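Read the structure below first, then the notes.
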Amino acid sequence: MLRSAAITKGTQRSPNRAMLRAVGFGDEDFNKPIIGIANGYSTITPCNIGLNDLARRSEEAARQAGAMPQMFGTITVSDGISMGTEGMKYSLVSREVIADSIETACNAQSMDGVLAIGGCDKNMPGAMIALARMNIPGVFVYGGTIKPGKLADRDLTVVSAFEAVGQHASGKINEEQLTAIEKNACPGAGSCGGMFTANTMSAAIETLGLSLPYSSTMAAEDEEKANSAARSAEVLVDAIKANICPRDLLTKNAFENAISVVMAVGGSTNAVLHLLAIARSAGVDLCIDDFERIRQRVPVICDLKPSGRYVTVDLHNAGGIPQVMKQLLDAGLLHGDCRNVEGKTLRELLKDVPSEPSAEQDVIHPLSKPVYAKGHLAILKGNLASEGCVAKISGIKTPVLTGPARVFESEEACLAAILNNKVKAGDVVVIRNEGPVGGPGMREMLAPTSAIVGEDLGDKVALITDGRFSGGTYGLVVGHVAPEAAVGGMIGLVQEGDSITIDANQLLIQLNVEKDELERRSSAWEKTQPRYQTGVLGKYARMVSSASNGAVTDQP
């Protein structure tokens, strides 16, 4: 029996049916599955501006497949627009709001399945958390990647504009050049074009089996994206008939596959946070140490921005995520028996994919000639992060640095210092009180890291924070430091000039201060009043867990 029978069957449900008749149901429709279409459409960001078209295609395909689609909206926050402002504190919060809204709408109306459509960074994990919680048949449709901007012969992304700010501040480019980059960086609809957070999470979801093969790298404005959205609705109707539910697919092995693909494509640090949160909602025992274990055996084989040369449409043209997965599967680095929402195993899905990438491209490297021999997202531990932290070590020349701490209590203070040439080669920049509780909201530090790169300090300065990093960040950056400063973590005890060692080879992050002195500082530490005590941010700060657990708000 369909779950929606709770609102469509029996004489007692006559009032319920009366309401449904008002929105277009006829007598025969009460026997059809009701599908929710969670539409993240918004004109605030290019990531989501094209979602209405995909929603309409999905809606029509669902009707043709014998279902009754019911569309409802969910929110988005544009990370690129809110970046570097107080508004960025709402970004990670929006992941929880999206998850809660989808769960609420679907369960309140007893929907039989849900097709979630999203574009910007938090849309993907928010939808996946909801699907995992509800465990009703579901499919995710990614809005698609933006195509690269062009300036002369150079491919641009929005990160090019962030880096140009640092280049302008250091005198490397003039205002006219800065404006030219600004005007050409984002040419149309779609999510930020490199292997940044949105494209990383779409790749992870395709690997997990809750979106269709090849769909995670399609360009937003191409017809194949709209066709894929329509096909996704058909697949969802079949999944309802076959009772294929998210938790059937979201196994520990599936998460290990997703982590392997994130490493192989050189994905965002945010994947650690989001996959931990999705796994928790699915009841899967995934921990931060699993990422390090997998990193040690999976190389980076895609040469993608931010640290590489190419963008996601180039990856799609080179064979997409299936081509990446086929190499990993053949090498024994993936679990081939994991299934997708179509009910097919990974091994079945990849049987016709070439074992080696085409020699006519160099976006996807063969395993024998990787971009990096090991994964790029290292989990460091030490007295500065006893619960762990995430270091992105791709594109850096020196994975070991010991230097003096430059301590900042906010992103804004740090950015001002960088742009005023007060951060020098060899410094270890510490931005604290930006964690899940302390921020609150764990802002991304793209503006400071881009300014560092723009001033040609990317391989000479390290940055440590209890906040996050954008998927567009590269260099020696260490985020998600836990415990965070606001709850008494060691990062809150660092003083200006203290010696800090980051050693990616030894997986170590250490504050080089005598134990007695650290104990003295700890005893003198006092918890500060929350920056927000009411509203969404106040509520979030009271509820959110540590970054090492995914920064979730529904912990038991």
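One is the number of the first residue shown, and numbering goes on along the chain from there.
Note that Cβ sites are derived from N, Cα and C of the backbone, with glycine treated the same way.
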Discussion item. Among CYS120, CYS287, CYS302, which residue shares the [2Fe-2S] cluster site with CYS47, CYS192 according to Swiss-Prot?
Written reply: CYS120
Fill in: Listed in Swiss-Prot for the Mg(2+) site shared with ASP79, ASP121, LYS122, one of GLU412, GLU434, GLU444
GLU444
Worksheet item: CYS192 ([2Fe-2S] cluster binding site): which of the recorded positions LYS122, GLU444, SER470 have a C-alpha within 10 angstroms of it?
Response: none
Practice prompt. Using the recorded Mg(2+) site (ASP79, ASP121, LYS122, GLU444) as reference, state which further residues of the same chain have their Cβ within 8 Å of the centre of those residues' Cβ atoms, listed in sequence order.
Written response: VAL77, SER91, LEU92, CYS120, THR197, ALA198, ASN270, SER470
Worksheet item: Roughly how many angstrom lie between the C-alpha atoms of LYS122 (Mg(2+) binding site) and CYS47 ([2Fe-2S] cluster binding site)?
Response: 11
Worksheet item: Once the chains shown are all counted, how many other Cβ atoms turn up within 10 Å of the Cβ of LYS122 (Mg(2+) binding site)?
Response: 28
Fill in: Candidates CYS47, CYS120, SER470 (recorded positions) with Cα within 10 Å of GLU444 (Mg(2+) binding site)
SER470
Fill in: Which same-chain residues, if any, lie at least 6 apart from ASP121 (Mg(2+) binding site) yet have Cβ under 8 Å of it
CYS47, ASP79, SER91, SER191, PHE196, THR197, ALA198, MET201, ASN270, GLY471
